[in-house]
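Here is the structure we will look at.
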Amino acid sequence: MPAPLFPLFADLHGRPVLVVGGGAVAERKTRALREAGAEIRIGAPALTPTLAEWAELGLITHLEGEFQPAWLDDVWLVTAATDHADVNAAVADAANRRRIFANVVDDAALSSVQIPARVQRGPLQVAISSSGAAPMLARHLRERLESELDESLGPLALLLQRLRPRITAQLPDIATRRRFFDTLLQGNVPGLIRAGRLYGATRQLLCLLGAPRQRPKRGRVALVGAGPGDAGLLTLRGLRLLNQADVILHDRLVSPEVLALARRDAECIEVGKQADGPSMRQSTINALMLEHALAGKTVVRLKGGDAFVFGRGGEELQALRAHDIDYEVVPGITAALACGAYAGIPLTHRDHANSLRLLTAHGANGPSEHEWADLARPGQTLAVYMGVAGLANFAQQLITHGRAAATPAALIENGSRPEQRVISATLDTLPALARQHAVASPALLVVGDVAAHADTLHWFGAAPLRPDPADEKKPWPARAA
Ligand code: SAH
């Protein structure tokens, strides 16, 4: 096995670097080198428009014409990025003679340095190399790190850089300093930075610096939307928080696939809440959340869909605010968006619907008498949560208040999950069809012309279930495509 490459991070600031080639690849390399502050000379007969503009503005120097070894005279590094193997080889050869490191794009054998795949968060960089053995593996790893490492690491690194002299002066002992950083990184500071509260983060850090052994007394809570079920629909931030959680309080709606992504040793507590069946009282859930946060735990309150759409997220935040617990909110893909996407139902459409209403037919949030006329107006899409039990009444009310009985309507049961079913009919025929197929919660009702698109645009799981035309007294109305 050849020896692995030796990793270096080069300080190119203000140092002359040569790029040979003027095409798209050269432009990419030049861009990266400019970020590092290098003084760039670019040698090529012709440049891309962007490179030409940079040269015009004096940001880089254009050396016109074919490669000349003299271009290498006082540079620290050279990158050959031309389409011509012989030119690239000549550059590498001339650089070798002068003991200048050369990188030849896509040619590990000719390169004396390689430019690694990297993940960057402000001044913090992770560089990955397989020493040319398996570039695809390096790329795969880079993608994984890219999704795992939070963007807030950049501002955090800058904050630590700014306070470094102070931290070193105050904690000269390395072991104490290490403990300080452990406490810092497990505490509230990263979360405060994610929440855009740099001032609060700085204060918290300075406070910790005053008493490094003391763990922050309070934990924090992240209210995370888990999406509709398909784990791929969780956000990156949601995933990162699940990886950091000490305690996860989740609803029954949250799918096992999403829970499987959580930190292995996190304590998972189901605080089931369903329209039907027993459910934990909101006050009990709030109390649990507070108890763990006050004990200094990192709590993730994980909710189906989005926490702020029929998710009682607001009430939970009010409880946290009342006890001065830090929190953040991570949106999730709400059932209406997920069910629309997975059933092939665009929720707005230039021809049929220019507004979308999210509503529920259930309980205290249900429509009031004077709202019905408004809901029955055509040209809009209704996305109705918790709508299975009251479906017949809901459809009837809309028709009574003027919405056409033939308005397309669809029910999406278990949207985005492998067992998804779509029932596609019209306002007047849907209730019977839903009963016939024993549709159960969770299911979302979509009312409006756009719902008919499920018949032609469906792509996920089984095709929509439709009324049997033979059962209809009147002929099945023609559907708009
Ligand atoms: N906060 C959630 C909604 C909770 S209310 C969100 O943003 O999605 C519960 C209702 O959401 C269910 O009765 C159902 O109408 C809808 N729902 C949630 N997940 C669903 C799914 N996977 N498929 C269909 N409907 C769903």
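Keep in mind that glycine also has a Cβ here, set from the backbone N, Cα and C atoms.
Copied from TrEMBL, the annotated features are:
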DOMAIN    121-147  domain 'Siroheme synthase central'
DOMAIN    152-206  domain 'Sirohaem synthase dimerisation'
DOMAIN    221-430  domain 'Tetrapyrrole methylase'
ACT_SITE  ASP251  active site, proton acceptor
ACT_SITE  LYS273  active site, proton donor
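Taken together, the residues of the domain 'Tetrapyrrole methylase' (221-430) have an average pLDDT of 92. Applying DSSP to the domain 'Siroheme synthase central' (121-147) sorts its residues as follows: 13 helix, 6 strand, 8 coil. Taking all protein chains in view, 22 other C-beta atoms sit within 10 angstroms of the C-beta of ASP251 (active site, proton acceptor).
Remark: secondary structure over the domain 'Sirohaem synthase dimerisation' (152-206) totals 46 helix, 0 strand, 9 coil, with classes taken from DSSP.
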